[in-house]
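Have a look at the structure below before the remarks.
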């Protein structure tokens with residue numbers, strides 16, 4: 001079974017947002033660049049189903065403020081379910097709403113972009129917490145992408161991945177949360193009470209990938225999977241980048257693609273094709289090499305700021321050419337975090353704005369992150385319920401971190417979210433490990 005969506009031009013921007021005085025004074029100088037930062041998107045989807053547990057979310061015309069075109073953005077998600085489709089469907093239907101709820105509605109565009117990484121962490125945890133009240137056995141990977149102008153923010157758990165090609169170079173915007181890919185994640189789970197190892201067979205031999213027992217899940221992070229253990233956390237890896245005015249192409253695919261194709265092969269086999277045909281070609285290339293052993297899904301998004309040229313540039317630069325021009329620039333502490341300064345960076349590089357993959361919730365919600373006033377004093381930072389003055393529990397309640405963190409510093413959690421945080425950190429072990437001779441979840 002295959003599914004497709006038409007590749008149609010979609011505007012991904014709106015009217016001008018409020019800008020600082022410094023930008024207004026230089027508007028004449030940068031008018032061309034400002035126009036180029038309202039990109040056009042072309043989107044393609046192709047999927048071949050084996051179990052019917054892959055779900056996608058394509059919404060190119062979102063508005064964070066309903067009825068305000070200047071607040072427009074686009075959102076795309078891929079949810080690769082396992083042990084049933086419940087977690088994938090629930091996450092698809094609720095994640096974006098939870099992200100928007102976690103960000104104050106009155107933020108300007110600059111602060112909205114700065115708040116997104118932390119809001120996505122809160123939304124992933126809330127979605128997981130809410131779903132686990134409804135089901136125990138289902139789980140899902142999540143790769144969720146928000147595009148606002150030339151800014152791309154990606155949050156991911158599991159092994160579905162998002163890769164960017166821009167300016168002739170390839171950038172990985174998500175993490176692989178399989179145990180085989182990270183000793184750090186193996187150590188975290190075992191220290192929290194999980195048993196990580198390979199499947200035992202008759203004679204004592206161990207086969208297959210590293211898995212967490214009980215349950216046999218090969219992922220250290222997902223949404224759902226309550227039956228495996230709370231140390232399988234929904235805290236996402238988040239990366240935010242800003243494209244140059246040349247635009248780029250995103251490939252978002254499930255492991256059915258990445259288990260067979262490298263990012264280079266995926267881009268090479270589809271470079272001359274529009275998004276719909278590119279997504280189909282990538283899936284068919286993967287299936288042809290390995291057969292249809294799993295649901296195999298691909299989303300391709302072309303970001304085209306130059307409306308005079310609706311075709312992606314297809315000439316890949318030769319290695320060694322333009323090394324500094326094509327470097328993946330990461331902001332340093334000396335760089336201003338203001339949107340004003342970001343507007344005037346070298347336009348020929350992909351700039352890394354934010355990256356964090358820590359699995360510990362207290363660190364991901366830390367008050368040192370941008371937008372210090374994002375979390376209100378009497379609102380739970382995760383589920384957004386109102387708290388009485390005596391009810392809030394600081395995320396630093398049990399912190400042993402050095403510095404000026406104090407137990408009465410925010411952000412604050414309600415009792416239920418505090419218990420969720422403790423469980424994810426291994427402070428509330430709900431079950432003992434069981435034998436590795438059982439079946440596996442994924």
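In case you wondered, yes, glycine gets a Cβ from its N, Cα and C as well.
Taken straight from Swiss-Prot:
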- 80, 81: Mn(2+) 1 binding site (BINDING)
- 80, 255, 294: Mn(2+) 2 binding site (BINDING)
- 420-434: compositional bias 'Basic and acidic residues' (COMPBIAS)
- 35-303: domain 'PPM-type phosphatase' (DOMAIN)
- 420-442: region 'Disordered' (REGION)
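Residue 255 (Mn(2+) 2 binding site): 24 other CB atoms within 10 A of its CB, across all protein chains. The DSSP secondary structure for residue 81 (Mn(2+) 1 binding site) is strand. Per-residue pLDDT, averaged over the domain 'PPM-type phosphatase' (35-303), rounds to 93. Comparing the binding-site residues 80, 294 on other C-beta atoms within 10 angstroms of each C-beta gives the minimum for 294. Taking the Cα atom of each, residue 80 (Mn(2+) 1 binding site) and residue 294 (Mn(2+) 2 binding site) are about 10 angstrom apart.
Between residue 255 (Mn(2+) 2 binding site) and residue 81 (Mn(2+) 1 binding site), the C-alpha separation comes to 11 Å. A distance of 11 Å separates the Cα atom of residue 294 (Mn(2+) 2 binding site) from that of residue 81 (Mn(2+) 1 binding site).
Look at residue 255 (Mn(2+) 2 binding site): DSSP puts it in a helix.
DSSP gives residue 294 (Mn(2+) 2 binding site) a coil state; it is part of no helix or strand. Within 10 Å of the C-beta atom of residue 81 (Mn(2+) 1 binding site) sit 28 other C-beta atoms, taking all shown protein chains into account.
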